Amino acid sequence: MASELHSQHTGNSYPSDQQSLRLRQDSSPVSNQNYPQFNWSSSPAEDEVDNSGPPRDLRSIPLPMSLKRAVWQVQQMQVPVVSKVESWKWKKTKSLHKLKDRTRGFLYFITLWGKTLQKIGGNFGGGVQSYFLFLRFLVVLNFLSFLLLAGFVLIPSIVFRSVGTSLQNSTGPEECMNYNPNPEGLVVFYHYFLDFLSGTGFMEYSYLFYGFYNNTIVEDRSFSYNIPLAYLFTAVFYFAFCLICIIARMGTAARVAVATGGSAVGNYSKIVFIGWDYGCLGDQATKLKQKNLHYRLQVDLEEERLRKQAAALTLGAKILLYSLRVFMFFVALGLIFAAFYGIFEATNFSQSRTGEEGILGLIFEYLPSIVITAGNFVVPMLCDQIALVERYSPSTTVILALLRAVFLRLVSLGVLLFTLWRQITCEGDTNSQDCKQCQYNNKLYPCWETRVGQEMYRLTLFDLLITIAVLILVEFPRRMVVDNSSNMLTQWVGRQEFVVPSNILGLVYGQTVVWTGALFCPLLPFINTIKFVILFYCKKITLFYNCRPALKTFRSTTSTFFFLVVLLFGWGLALVVMIYSLAEIRPSMGCGPFRFFPSMWSIVPTSFYRLSQVTQEFLFFIGSQAFSIPLFTLSCVVMCYFIALASVYGNSVALLRSQIKLEGRDKQFLVKQIEKLKQLEMPKQ
Amino acid sequence: MGNKQTTFTDEQLEAYQDCTFFTRKEILRLHSRYRELAPHLVPLDYTNNPDIRVPLTLIVTMPELKVCQGPSEGRHCWRLDCRLTVCLCWQENPFRDRIVETFSEDGQGNLTFNDFVDMFSALCETSPRELKTIYAFKIYDYNRDNFICKEDLEKTLNKLTKGELTPEEVALVCDKAIEEADLDADNKLSFADFENMISKAPDFLSNFHVRI
């Protein structure tokens with residue numbers, strides 16, 4: 001075997017032509033160097049040096065299998081020559097590799113919904129798959145948050161409540177402490193269902209909402225647990241935990257985006273060489289992929305045409321176009337603000353009519369959710385029509401539509417919260433008549449945190465109900481109509497497309513609501529986990545039964561990063577709400593774990609002074625200048641180091657790129673020289 | 001898989017395991033799929049390395065197996081061999097002939113079992129980017145001159161869009177693609193140009209793999 005290999009060793013390290021055609025027959029001597037080769041001339045001794053290498057390297061070599069097996073046999077025969085220690089090391093690394101492969105297989109086995117996601121990716125492409133990946137990430141995030149909250153807040157509360165430890169007593173104005181959420185008298189049966197939907201009644205005074213938790217402070221001989229402090233810190237840590245998860249996930253997406261150097265390489269070569277998905281499943285998917293590629297190429301060609309057209313516009317036409325665009329921008333802005341005003345009025349109306357009975361009461365309570373959902377549906381549709389007039393290039397139109405939709409969703413939630421704030425704190429004026437006594441409006445809101453929590457709870461529930469209702473009442477009938485009637489109109493309308501961006505925004509909106517409400521409704525992450533799991537299965541069903549794959553695809557790698565950025569905006573909004581509630585508004589005196597504190601945050605200084613002297617001094621030291629300034633300087637130094645490293649890498653990439661260019665030109669020059677010399681030689685002979 | 005008939009000796013399985021990205025079970029499963037293509041041609045016993053080639057015409061008839069439909073037919077999904085359900089539709093895949101030709105030893109598309117395993121190993125999920133780039137370059141290089149020239153690109157483009165673009169559009173796209181990727185200005189793409197372009201595209205790894 002070994003002699004066979006060595007007989008193939010030729011001068012320029014390229015196997016002879018009698019080898020299989022897989023190792024390309026070279027048409028010109030130059031092109032040999034163009035191609036990665038396996039170095040047959042490497043002596044056997046060199047192979048033994050890095051013994052962890054061989055098993056890995058053999059797989060990654062582009063040789064035909066028969067040759068690889070031959071090399072493998074040679075290596076097997078060489079192993080006994082190596083010393084005992086090295087062969088032991090080699091065997092250990094081999095078994096480590098096997099273990100890694102086996103764990104990878106096992107992880108694939110138990111990954112949540114792994115097979116489903118693969119199927120979705122194969123049939124509908126990477127864009128739709130990225131939506132489901134994002135949804136899975138949110139499910140896991142919410143579940144872990146729930147475990148966090150349950151472990152530090154819920155379970156201790158249950159334990160201490162049942163144990164019956166005494167509460168801290170303090171006094172306050174009588175009217176402020178008046179809070180009676182339990183329903184009075186006989187409750188009609190269907191009221192339970194209405195209460196479940198609106199979070200009032202039997203659900204209000206339960207572990208679901210803030211108002212039920214007590215300000216128990218347990219101090220035993222060896223064990224002490226401060227529920228209000230735990231509540232506060234858990235909420236803060238929950239936000240930090242979510243931030244870390246999002247940033248970690250963004251890190252992987254950003255690394256890819258940075259490594260590819262942005263879109264320095266153009267679209268055409270990418271589409272031609274990388275566009276085809278070799279994992280496409282089925283005839284239909286393949287045909288669709290072809291149509292998709294055709295569409296993408298046409299879009300790019302269209303953009304070229306538009307660019308040429310725009311450059312050829314006369315001055316007058318340009319002025320007209322720009323003024324039209326400015327006007328349309330204001331129209332879109334006006335539509336969005338109209339939606340905000342609608343939400344404002346609806347919230348005011350809903351809050352003024354609380355306490356109504358029956359279905360009408362339910363509708364009044366859900367009025368803000370209804371208006372928000374209607375706004376989120378109608379306004380983007382109108383903005384799409386506006387975009388037709390604006391005549392931007394296709395990619396700009398998509399980005400603009402997304403930005404508008406994000407702005408609409410997040411700010412409408414902000415408007416809802418602002419309206420609530422106005423009513424709770426009497427527009428920030430603590431000296432007005434309603435708010436003078438308790439510094440919040442205790443007539444309307446004896447326990448305002450529970451009320452905010454209820455509003456968030458209703459938003460979450462309504463979102464889920466609307467999704468299921470749209471699924472049953474719109475998507476299934478649409479498919480049945482399109483499939484069974486061959487009307488011109490129905491064929492033009494066609495089957496539904498799974499539009500990724502608006503679905504993603506729905507998820508971001510839902511998660512922002514949960515973050516905002518988690519301080520006031522600790523079980524909300526758990527409810528959200530269940531909601532997202534149901535949503536996953538509903539969307540999967542509708543995808544496979546009702547949708548046709550989209551013609552306009554969504555690029556999956558850069559879009560993951562974009563989704564996470566939008567999620568971060570939502571997190572920022574929720575953070576603002578939390579910080580404000582912690583620091584500025586007086587907690588309700590009638591309910592909740594913070595009832596006798598001037599603000600929620602003030603429990604921290606109070607508990608701080610109960611710590612031992614040593615701990616206090618240590619913590620003071622950490623907060624002092626003697627510690628924080630060196631820390632700050634150190635982190636600046638570390639950051640500068642990384643920035644310098646990044647710029648060095650960037651420079652070396654640019655250098656290598658220019659080196660490739662120069663080598664290509666050198667090659668051409670040398671080939672020309674060779675040919676010239678050949679021509680000079682020929683006439684002589 | 002539980003069948004005690006010796007299809008391969010242990011040494012052969014070790015060799016396959018080290019030379020591909022598959023485990024023992026997966027290799028046996030691949031062998032049974034290979035055998036299904038031509039049961040009269042392919043022996044069960046491979047211990048003495050028979051030199052059998054399955055012709056191109058049979059390879060491209062590889063039937064598309066039904067993918068496990070999900071939790072409702074959940075029983076079937078939880079077997080490890082389900083992972084190997086080959087979900088590549090050969091009927092309509094425009095690159096099917098090129099892929100099979102690239103991996104065949106004789107260049108005509110007739111695959112021995114070695115080539116068969118090698119093909120799926122190169123296209124699988126764990127195969128590294130460099131290896132996939134090399135094979136992608138081979139697939140797109142129709143005339144096998146180690147360069148992707150304009151004619152190669154035109155053939156690729158026609159296969160991608162099934163001839164729906166006009167000739168002028170095809171020429172325009174090819175020109176632009178070469179312009180974008182060609183670094184050494186020789187109007188065709190060498191392997192270095194191709195590799196440089198591929199390294200900038202994050203979607204390459206996920207697109208260039210057979211979901212098994």
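The first residue you see is number 1, and the count goes up from there.
Note that Cβ sites are derived from N, Cα and C of the backbone, with glycine treated the same way.
Automatic, uncurated: that is what TrEMBL annotation is.
Over in TrEMBL, the protein carries these features:
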| type | residues | note |
| --- | --- | --- |
| REGION | A:1-55 | region 'Disordered' |
| COMPBIAS | A:8-44 | compositional bias 'Polar residues' |
| TRANSMEM | A:133-160 | transmembrane segment |
| TRANSMEM | A:189-208 | transmembrane segment |
| TRANSMEM | A:229-250 | transmembrane segment |
| TRANSMEM | A:326-347 | transmembrane segment |
| TRANSMEM | A:359-379 | transmembrane segment |
| TRANSMEM | A:399-421 | transmembrane segment |
| DOMAIN | A:447-556 | domain 'TMC' |
| TRANSMEM | A:459-476 | transmembrane segment |
| TRANSMEM | A:513-538 | transmembrane segment |
| TRANSMEM | A:559-582 | transmembrane segment |
| TRANSMEM | A:618-644 | transmembrane segment |
Return yes if the transmembrane segment (A:559-582) and the transmembrane segment (A:399-421) have at least 3 CB pairs under 8 Å (sequence gap of 6 or more), otherwise no.
yes
Any contact between the transmembrane segment (A:399-421) and the transmembrane segment (A:326-347)? By contact I mean 3+ C-beta pairs closer than 8 Å, pairs at least 6 apart along the chain.
yes
Is it the case that the transmembrane segment (A:513-538) and the transmembrane segment (A:189-208) have 3 or more CB pairs under 8 Å, with pairs at least 6 apart in sequence?
yes
Within-chain partners of the transmembrane segment (A:326-347) [C-beta distance under 8 Å, separation at least 6 from its ends]:
367-368, 370-372, 375, 378-379, 382-383, 386, 389-390, 404, 407-408, 411-412, 415-416, 418-420
Remote residues contacting the transmembrane segment (A:618-644) - C-beta distance under 8 A, at least 6 residues beyond either end:
608, 611
Need one number: mean pLDDT over the domain 'TMC' (A:447-556).
85
When the domain 'TMC' (A:447-556) is classified with DSSP, how many of its residues are helical, how many are strand and how many are coil?
85 helix, 4 strand, 21 coil
